[in-house]
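Some features that TrEMBL has for this protein:
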- 44-152: domain 'Polymerase nucleotidyl transferase' (DOMAIN)
- S65, R68, H152, K170, Y179: ATP binding site (BINDING)
- S65, R68, H152, K170, Y179: CTP binding site (BINDING)
- E77, D79, D129: Mg(2+) binding site (BINDING)
- 164-278: domain 'tRNA nucleotidyltransferase substrate binding' (DOMAIN)
- 301-424: domain 'CCA-adding enzyme C-terminal' (DOMAIN)
Amino acid sequence: MRRILPGGMRTSSDLELILREAERIVSPSEEERRRLERVLEEALRRVEESIKRLNLNAEVIAVGSSVRDTWLPNNNELDIFVLFPKGVGDKEVLGSLIVDIAKDAFGDYEQNYAEHPYVRVRYSDFEIDLVPAFKILPGERIISSVDRTPLHNSYVKEKLKRPNDVRLLKAFLKSIDAYGAEEKVGGFSGYVCELLIINYGSFLKTIEEASKWGSRVYIDIEHHLTEEYALSAFNGPLVLIDPTDPRRNAAAALTETQFNRFKVAARAFLKNPDIEFFSRGLKGVKGRVSAKQIEEQLSERKTRIIVIEMGDLDLSRELLWSQAKRMARLLNEELEANGFDPLWVSGWTDERDEIFVAMELPSLNLPVIERRQGPPVGSKEEMNFLKSYLGSGFGGPFIEGDRWYVYRKRRHSDAISLINELISSKAPTILRGAKPKILTDRELLLLDRDVLGWIYREMRKEEFFIRYLVD
């Protein structure tokens, strides 16, 4: 499909052919549609019957891409909301009620937590989230964030004219690993994809506009707020006002990294359109990595890798990811503050009961002493600095230019001892009971291939779309 014309550009007919083929591969087959509709209908019936048996006052609705017709092929996930009247109790009461419904309707379930408890069940090879919420009418103030979701449903179904363009955008984002607002990804949610297509009108127009985005972008489809106010009130690179609730930035979870990766990928696609920008995400291309490949990389790079493994954690998938990412941020900050200059620090989970934090360092050990910069000569901080370090360091205090300096002993010169101290003193409370393993060198090569694959991807950080940008 990749037929580059002289000069690296394609004709508009090439682009049309690619988009036509992309639309074909991102559209579910009739068989997939029938299967999803059957399972959704059966699941809704089970929940409704359970509510009757339990004598509850609640309404059941399906939400999300399955009812908005923006879902991608091989989708085995459904979202069902159970709406309760506002007087039924607080969020914890709703969490308890949804557990009762899940047990009665499906038997086995997995309890998860977002802003409040919800449950996940498996039925006919589908993963179904059962989410309790309060029934909210348009214009009413929400009680919890999930209360907006039924309003999102109504808005998108009314406003969206080109559902296949949402599919194209989702597949494009999946191909660059930027689809999903969960902490694991920090990318574009399905709802944000739908709003972008509603705002710009088509997939191609969205890509064209994204390729020209600056450092911050403001979109307010229903013109609820002024741009000046919105950009001051909300953080983040993309301020996308939720049409159903102007107090919310729908793209709040989007990280600056994913925002900029999307911009660059959009430029790459417009320069050299290719079906890989869609097929890659649908195939889930990751590749297999061997222990030997990691070993070769370390030999060439002359660096050291440390992996922290924490197992036997009884946490939901979402909590596993959030704790892995939180630990990675903590370790990165402390390693940088202590002069270890990590090339990268990253968190990962097997989504069952283990989290891993890996990092690549120039060295596991630093010199015992460090050169510390002090205050300017003659400043009000000068005397405190001199009193603190006079006769207590490895040299100085001394003047260089207009500042004081001293050679002092580092607080930490061994990376592994620093990591051990951090885990015991600063690890999130939820992880304090875990017994971490700290692995280095050849111990890493015994890790599972999925873990090795993640480490290799962090080491290489290869972006497939860059070759289309520079071709």
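Placement of Cβ uses the backbone N, Cα and C atoms for every residue, glycine included.
Taking the features listed in TrEMBL, we show where each one sits on the structure.
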{"residue": "S65", "record": "ATP binding site", "DSSP (3 states)": "helix"}
{"residue": "E77", "record": "Mg(2+) binding site", "DSSP (3 states)": "strand"}
{"residue": "D129", "record": "Mg(2+) binding site", "DSSP (3 states)": "strand"}
{"residue": "H152", "record": "ATP binding site", "DSSP (3 states)": "helix"}
{"residue": "K170", "record": "ATP binding site", "DSSP (3 states)": "helix"}
{"residue": "Y179", "record": "ATP binding site", "DSSP (3 states)": "strand"}
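Geometry remark: R68 (ATP binding site) versus D79 (Mg(2+) binding site), CA distance 12 Å.
Summary of the Mg(2+) site environment: with the site residues E77, D79, D129 set aside, the chain residues having Cβ atoms within 8 Å of the Cβ mean position are G64, L78, I80, R120, E127, I128, V131. Per-residue pLDDT, averaged along the domain 'tRNA nucleotidyltransferase substrate binding' (164-278), amounts to 97 for this model. Counting residue by residue with DSSP, the domain 'tRNA nucleotidyltransferase substrate binding' (164-278) contains 57 helix, 15 strand, 43 coil. When the Cα positions of S65, R68, H152, K170, Y179 are compared pair by pair, the longest gap among these ATP-binding residues is 18 Å.
For E77 (Mg(2+) binding site), the nearest neighbour among the listed binding-site residues (S65, H152, Y179), judged by C-alpha distance, is S65. Taking the C-alpha positions, the distance from D79 (Mg(2+) binding site) to S65 (ATP binding site) comes to 9 Å. Most Cβ neighbours within 10 Å, among the binding-site residues E77, D79, D129: D79 holds that distinction in the structure as shown.
Here Y179 (ATP binding site) comes close to K170, L173, V185, G187, F188, C193, G281: these same-chain residues lie at least six apart in sequence, with C-beta atoms under 8 angstroms from its C-beta.
According to DSSP, the secondary structure content of the domain 'CCA-adding enzyme C-terminal' (301-424) in residues is 40 helix, 43 strand, 41 coil. A straight line from the CA of H152 (ATP binding site) to the CA of D129 (Mg(2+) binding site) spans 17 Å. All protein chains shown were included, and the count of other CB atoms within 10 Å of the CB of S65 (ATP binding site) stands at 22. The two recorded residues, D129 (Mg(2+) binding site) and S65 (ATP binding site), have Cα atoms 13 Å apart.
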